[in-house]
Amino acid sequence: MSSVEITQTDSNNNTEEYNNDNSNSNNDSSNQSTELPKLHEAIINGNFEDVKKMIDSGNVNLEEGDFGGLHPLHFAARMGNIAIGQYLLDKGVDINAENNYGSTPILEAVRRGEVEFVKFLISRGANLSIGDIDDNTPLHLAVMCEDGELIPILLDAGSPLDAKNKDDETPIQVTEDKDIIDYINEFKALKEKQQQQQQK
């Protein structure tokens, strides 16, 4: 299965991209501040030493959300910055923290096609069963994006194939791509065969 090309945004447009991604959040409350926390800004800029100094100062809240409820780890996931993600997790942040729309860091990484960060979060024990506000799990999103690189990774990591979103759809039901459907069916058949052999 070939990987799906995902458009990457250069670092100069990171803040603008953030604002566009969260534009819907502004509609929740006209009085809600849209000012980005300083730690979030530092993570967007991608300077690990600056982020480390801020965290080590003890003057920042590692679980603070922006106006959309995105925590620092969500931002590290969006930027694909493993060094920052590692440091945040080592400081005890919640790997499965949810924003205002139920999105966890691994869901953010999947949406952005941040393959290495997804693998990193899996290695640290991210929950693959948690869905967003629409109950879409990481595998649902990878299938929706037709991400041929992430789908095998998520399947191998044990993503639930029978998880249903709010439309009562399992991951295989959110695509019409025959190659993806065939791949998931073959994976499922192989897993079932392996389980049968283990039971003998």
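Using N, Cα and C of the backbone, Cβ positions are placed for all residues, glycine too.
Feature list (source: Swiss-Prot):
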REGION    1-34  region 'Disordered'
COMPBIAS  9-34  compositional bias 'Low complexity'
REPEAT    34-62  repeat 'ANK 1'
REPEAT    68-97  repeat 'ANK 2'
REPEAT    101-130  repeat 'ANK 3'
REPEAT    134-163  repeat 'ANK 4'
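Averaged across the repeat 'ANK 3' (101-130), pLDDT in this predicted model comes to 98. Sorting the repeat 'ANK 1' (34-62) by DSSP state (H, G, I as helix; E, B as strand; all else coil) yields 18 helix, 0 strand, 11 coil.
Across the range of the repeat 'ANK 2' (68-97), the DSSP-based residue counts are 17 helix, 0 strand, 13 coil. DSSP labels the residues of the repeat 'ANK 3' (101-130) in these numbers: 17 helix, 0 strand, 13 coil.
Broken down with DSSP, the repeat 'ANK 4' (134-163) shows 14 helix, 0 strand, 16 coil.
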